[in-house]
Amino acid sequence: MSTGNVTTLRRPEAPPSLPAGTEAKIEHHARPAEGKVAFSFRNVTKSFGDKPVLRGIDLDVREGEFLAVIGKSGCGKSTLLRILAGLDTPTTGTVSKDPSNRTRMMFQEPRLLPWERIANNVSVGLTGIAKGEAAREQALGILDEVGLKDRAGEWPYVLSGGQKQRVALARALVAHPQILALDEPLGALDALTRIEMQLLLERIWRKQKFTAVLVTHDVSEAVALADRIVVIDEGRIALDLDVKLPRPRRHGTPEFARLEEQVLNQLFGRGDITGQ
């Protein structure tokens with residue numbers, strides 16, 4: 001047994017297109033086949049004082065699945081993520097996962113140590129796992145994955161916001177976790193940097209095959225990245241939706257737009273206005 005809120009949700013005016021040169025051959029990457037479950041929530045509740053935040057959450061997520069959790073501010077999605085990461089405990093119910101599986105978490109703020117150089121910031125993710133030259137080599141390897149190996153000896157203050165989040169992603173991934181919990185990690189980035197980070201995250205997820213759980217307010221981001229989208233409303237799962245689109249995904253296609261509309265309809269309590 002394993003053992004927050006951000007900006008107000010707003011509907012995007014128009015989903016951004018991928019930058020020139022980022023499109024690739026269409027590949028089908030379906031949800032993982034029925035198989036081993038990475039973690040399960042069973043009737044999980046969480047209250048703070050007399051205020052219920054999660055109400056009877058039942059959820060199974062398979063190994064290698066990319067799950068997006070979306071909902072309005074205060075709905076309980078970040079609390080769910082903190083319970084998964086072991087940073088909080090449920091009031092009632094159980095969370096089951098293999099105790100040998102590492103879980104790491106990435107936040108909206110990079111939370112880098114200003115007194116440590118970039119490589120040492122990444123090595124923090126290896127505390128209790130590796131140290132010395134072995135830790136440095138692993139840190140340099142994952143920095144290479146995120147495109148920042150040449151900045152390993154620099155200080156955090158010289159990096160842009162997007163580069164700092166790349167370092168935070170490297171720190172979360174350096175120990176090769178089986179589960180990566182992402183709490184609105186791209187929310188503070190500008191639109192182009194955000195798309196670049198989405199592409200980077202998807203590429204590394206497909207390579208390392210970890211289970212990803214992304215909390216986001218961005219419906220377009222959820223459809224672009226996830227195998228499956230769960231909408232939380234007032235502490236309950238209101239929608240559990242498979243995203244059966246080929247990767248890489250193209251914003252603005254009719255299929256992409258229909259999925260966005262389905263999620264938005266649930267979030268805003270509307271009937272189906274698409275005519276589909």
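The backbone N, Cα and C atoms fix where each Cβ goes, glycine too.
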Stretch carrying region 'Disordered' according to Swiss-Prot (options 1-21, 85-105): 1-21
Long-range Cβ environment of GLY76 (ATP binding site), under 8 Å and at least 6 residues apart: LYS46, VAL53, LEU54, ARG55, ILE232, GLU234, GLY235
Binding-site residues compared (GLY71, GLY74) - the one with the fewest other Cβ atoms within 10 Å: GLY74
DSSP state at GLY74 (ATP binding site), helix/strand/coil: coil
